[in-house]
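*Asks:* Below are the structure tokens for one structure; questions will follow.
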Amino acid sequence: MTYQHIYNIIKKKAYFDAHQAVLIAVSGGVDSMNLLHFLHAFQAKLQIRIGIAHVNHKQRPESDDEEAYLRSWAKKHAIPIYVAYFQGAFSENAARHLRYQFFEEIMQQEHYSALVTAHHADDQAETILMRLIRGSRLRHLAGIREVQPFANGQLIRPFLTVSKAELPNPFHFEDHSNDSMAYFRNRVRHHYLPDFKRENPQATQSLIDLSAESRLLLQAFDDLTKGLEFHRLNCFLAQSAAVQFFLLQHYLETFPQLAIKKSQFDDLLHIIRRQKQGIYPIKNTYCLLIEKESFAIKKIIPKTDLNREFKMVSYGDSLNYRGYRFVFSGSLTDKGHDIAIPLYSLSPVTLRHRQAGDRLFLGEFSKKLRRLFIDGKFTSEQRQNAIVGEQAGVIIFVLVGDETYLRKASKHDIMLAKLYIDKLEKR
């Protein structure tokens, strides 16, 4: 396929109609060099001016050669170029974070309204297969979007409907790390996807079609629920369980820094359905706030009293909290610990102060903590310093004075782990 054919496809989609200054992410590989040559050749017809953004990851001997070539090319064609350098311990996630942070900074500083990357149809198919293997949610099977908000403008992927085989072969640098089986994407590209294509020669297109259909399904759901006041508990709970599930998923998508596991999602949904007022920590200083008539996810401001109200310990982790050390362990051996709390779930354990209305299930009945403290003849100071532990919004233990009260387990519960508690002054 020639650049003219690609231009004809892209022009119909009007990617650049709202943009004048476009920043191109260029690595020096064949895909990004195709993008650079294409946009340089057609910038007048598209009525845009272009700039180059390049990140030298300093991981290969060729990295400096790639940078030098791109600088020379940019100078020859009078195109501005911006270069960043990776420092510190290298990982794919860290490198990606640096790249997009750098792109965002350049867009804002140099007034570019669009970032353009060279993702193509094969990248889309690989991404969908990777997410299927990882067990991603349906929402994430929608794959890579052609256009999405980014920084002060948009991120555009104009080659996303074009296969790699349809692109020309301009001068480019080969990144031999693309052949390393140490990377998941390379294993998908060189092994897993070819195996699928031997079974079904149209496997790549089938994955792309799955992505498009998933995107349409999600768009239909969003259209049908638009304007729904789902933050109001009576509105949320009036929906079917299936609609509640996707409403909460959609809401969580508005918090990109809050990537939670499926088990945590199930816990949040369970807490909302119980309608018990309170503050439930999630992660990264985010919490679920349930009030009398509504719920919301909030980011807690550091150094506030609210932030000191609770801590959360996850499976395999430990932390110190108000004079005690808490260890969430899969080991069921109690030896050497002051207290051992049996756990029948691997959900994170929230440690907090008592709240008005707190109840502990004791078997055939439950008791308010206020009454529990009165019956136990605990002092006002002991009541104030009591530690409440809960999972998924259910209190599982109360530590007050020298006593520990446990939630009565069901006969069907299976112990999966223990929470070990030790007084710090013993350490």
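From the backbone N, Cα and C atoms, a Cβ is placed for every residue, glycine too.
Keep in mind the model is a prediction, meaning the values are calculated, not measured.
Swiss-Prot lists Ser27, Gly28, Gly29, Val30, Asp31, Ser32 with the feature ATP binding site, giving sequence analysis as the kind of evidence.
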*Asks:* Counting other CB atoms within 10 A of each CB, which of the binding-site residues Gly28, Gly29 comes out lowest?
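*Replies:* If we count Cβ atoms within 10 Å for the binding-site residues Gly28, Gly29, the smallest count is at Gly29.
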*Asks:* List the same-chain residues at least 6 positions away in sequence whose Cβ sits under 8 Å from the Cβ of Asp31 (ATP binding site), in sequence order, or say none.
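*Replies:* Those within reach of Asp31 (ATP binding site), by Cβ under 8 Å and sequence separation of 6 or more, are Ala118, His119, His120, Phe159, Lys164, Leu167.
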*Asks:* Relative to the mean position of the Cβ atoms of Ser27, Gly28, Gly29, Val30, Asp31, Ser32, the recorded ATP site, which additional same-chain residues have Cβ within 8 Å?
*Replies:* Val26, Met33, Asn34, Ala118, His172, Phe173, Asp175
